[in-house]
């Protein structure tokens, strides 16, 4: 192994960067391209911010659902309507 200039930052050492740029392809060759590609593509690990999912807004005419609930009959009491016997 050849000596490395100690003044160089570790990420600038020869051999630390792949010769080709990373791509968005998920084939086997590209998944094993470099350590970053392996962790993100092959293992599916990403430490970036997660995108917030937007809640689906109901359509503008959604008031009919609320109206239909109020038109439903009230629940009927179950059991003996005269009450408990003593």
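Every residue, even glycine, has its Cβ placed from backbone N, Cα and C.
For 22, 33, 34, 37, the entry in Swiss-Prot reads Zn(2+) 1 binding site. Sequence annotations record features per position, and here Swiss-Prot assigns Zn(2+) 2 binding site to 25, 27, 30. The compositional bias 'Basic and acidic residues' feature in Swiss-Prot is assigned to 1-12. The annotation compositional bias 'Basic residues' is assigned in Swiss-Prot to 48-58. According to Swiss-Prot, the feature compositional bias 'Polar residues' maps to 62-77. Summarising the annotation, Swiss-Prot assigns N6-acetyllysine to 28, 50, 51. Residues or ranges marked as asymmetric dimethylarginine by Swiss-Prot on the basis of sequence analysis: 52, 53. The region 'Disordered' annotation in Swiss-Prot covers 1-20, 47-86. For 1-48, the entry in Swiss-Prot reads region 'Transactivation'. Per Swiss-Prot, the feature region 'Interaction with human CREBBP' maps to 1-24. Look at Swiss-Prot and you will find 22-37 tagged as region 'Cysteine-rich', backed by sequence analysis. Summarising the annotation, Swiss-Prot assigns region 'Core' to 38-48. Taken from Swiss-Prot, the feature region 'Interaction with the host capping enzyme RNGTT' covers 49-86, and the record attributes it to sequence analysis. Residues annotated as site 'Essential for Tat translocation through the endosomal membrane' in Swiss-Prot: 11.
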Q: Go through 28, 33, 50, 51, our recorded positions, and report the one whose Cβ sees the most other Cβ atoms within 10 Å.
A: 33
Q: Specify the nearest of the recorded positions 28, 30, 50 to residue 22 (Zn(2+) 1 binding site), where nearness means the distance between Cα atoms.
A: 30
Q | Sorted by sequence, non-25, 27, 30 residues with Cβ within 8 Å of centre, Zn(2+) 2 | A | 23, 26, 28, 29, 31, 33, 41
**Q.** Spatial neighbours of residue 30 (Zn(2+) 2 binding site) among the recorded positions 37, 51, 52 [C-alpha, 10 Å]
**A.** 37
Q.
An 8 Å radius from the center of the 22, 33, 34, 37 Cβ atoms defines the neighbourhood of the Zn(2+) 1 site; name the other residues of that chain inside it, in order.
A. 18, 23, 30, 32, 35, 36, 38, 41
